[in-house]
Amino acid sequence: MGVGHSSLSSCSVDSLCITAFIAQPKTTSFSNSNRQKPLFPTKKQSPFAVLKIGTLNCARVAGEMEIKKGIAAAGKPIVDRHVIDDGLIQKIVYDALVWISLHGLLVGDRNDQRSGKLPGVGMVHAPIALLPTSFPESYWKQACELAPIFNELIDRVSLDGKFLQDSLARTKKVDAFTSRLLDIHSKILEMNKKEEIRLGLHRSDYMLDEKTKLLLQIEFNTISSSFAGLGCLVTDLHRTLLNDYGEDLGLDSKRIPGNTATGQFAEALAKAWTEYNNPRAVAMIVVQTEERNMYDQHWLCTVLKERYNVRTIRKTLAEIDSEGQLLPDGTFLVGGQAVAVVYFRAGYAPTDYPSESEWRARLLMEQSSAIKCPSISYHLAGTKKIQQELAKPNVLERFLESKEDTAKLRKCFAGLWSLVDSDITKKAIEKPELFVMKPQREGGGNNIYGDDVKETLLRLQKEGSEEDAAYILMQRIFPAVSPTFLIRDGICHKDHAISELGVYSAYLRNKESVIMNDQCGYLMRTKVSSSNEGGVAAGFAVLDSIYLT
């Protein structure tokens, strides 16, 4: 979560320093007797096809009246957690842990040094919410409807190299990481290299602000949008638990929308691989040297192989530097194998580039004809500074022609400001609890809250440096707080929590042909309301699903 009462930190993160665990199913052979569908359905196979829950296929929002209907339900717990019998809770917890263990809702145990390198060693269950979190159906539809519009926006922004370079020019002077990314982008522009086939696997994160009753965007993730695999499993887990205990709880499993994230992400990668048109080429997953969230990634690779017969390889940036080769025609070889698609699950943080070796690898991939997910321009288009620039008056119109689409996007924008705005900086010093300071970083644990906002702003003013360009100010979002059962380390405890909804989307384009532009499932993350940060991978939040009200 990125901003909000506390942020469930965006998460493009994969380096799971989790305090609990998550399991993922390995193949459809684990399907239970209640499930007559693939483990990771595509949109065509989505459970929406059989559910009678209004129009849960994320069609267009029916209008303002429908949005208002959800306001009364926003923040209301779906069941009174105070009156559920302790004996019943313990039975549900036990069954949940069994299900998790059998279906692979897993991460590596950070207490086992080998768990981030060797599959099958030191596995633990992921942190989860025992029951799904209530969410008004009208806002759910709104979030789904926004996904393809944001996809198109990011694609168009990525093509405007001058806009990216100019918008990040001040940031470049004070942020070494962003500066290196911009240097690579500049070299690609100088080469006049065109990314004719463009693939984006994205996630847009939102919170429902309790005061305004508005669905407000926290951020748009363009690199390493994680937890598609494990998020789908949590949805399946919650449906299974409500099938078994729904009568006791007064809940209907059909109110949990189907989650197609893994199936559709695999479909997008497979279609990109097909567009590359080399049947001998592989898809390469760029990973961190230690990856405790590897099972989330392996689920995607398993679906790619079993459903589309696309082979994958996993390489760190250092290994790519050592084994990578660029042929004169642009073909990219790693270990002698042609690479059709490069899918980044690393490379979003400065710690992923401990030496020049990693930066050489990044540049080499960008110079190649392989399809990058994301390309350097897509990566930059997802930065916090670009998010803030797009929120300025008349900037969206530079990229989108539809007034209806720009109005929909603006409606979900929270307040976003540059620190050069002296009026807003003064307000943030006076009332720091209403703002969040955000650097150009992904992965959680980076934002500044409360009195630290005031102290940081005063320090920057006193120093008079340009370091302020490394940050943006964002309106702090205050979602509803409700009691929730959280499971960590096999132990269930009740606490007051807030939630953040992430909506996945996929965009694939080859020249003028848009091959795929779809909403692709979701990720709900829930965290204790007293915590500022909230990334699951960073150890602050738990995985959850939604119960439509």
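Any Cβ shown, glycine's included, is placed from N, Cα and C.
Whatever TrEMBL says is automated annotation, not expert-curated.
Since the structure is predicted, the reported quantities are computational estimates derived from the model, not experimental observations.
Look at TrEMBL and you will find ARG203, 223-226, 291-293, GLN297, 345-348, ARG525, 536-537 tagged as substrate binding site. The Cβ of TYR348 (substrate binding site) has 26 other Cβ atoms within 10 Å, all protein chains considered.
As annotated by TrEMBL, ATP binding site applies to GLU219, LYS384, 438-447, TYR449, 474-477, GLU500, LYS527, GLU533.
The Mg(2+) binding site annotation in TrEMBL covers GLU219, ASN221, GLU442. Over all protein chains present, the Cβ of ASN221 (Mg(2+) binding site) has 24 other Cβ atoms lying within 10 Å.
Under the heading domain 'Glutathione synthase substrate-binding', TrEMBL lists 282-381. When pLDDT values are averaged over the domain 'Glutathione synthase substrate-binding' (282-381), the model yields 97.
Sorting each residue of the domain 'Glutathione synthase substrate-binding' (282-381) by its DSSP state yields 43 helix, 26 strand, 31 coil.
Counting every protein chain shown, the number of other Cβ atoms lying within 10 Å of the Cβ of ARG476 (ATP binding site) is 26. Cβ-based neighbour count (10 Å, all protein chains) for ARG203 (substrate binding site) stands at 28.
A straight line from the CA of SER226 (substrate binding site) to the CA of LYS527 (ATP binding site) spans 17 Å. It is 9 Å from the Cα atom of GLU442 (ATP binding site) to that of SER224 (substrate binding site). On the backbone, the CA of ASN221 (Mg(2+) binding site) and the CA of ALA346 (substrate binding site) stand 13 Å apart. Ranked by Cβ neighbours within 10 A across all protein chains shown, the binding-site residues SER224, SER226, GLN297 are led by SER224.
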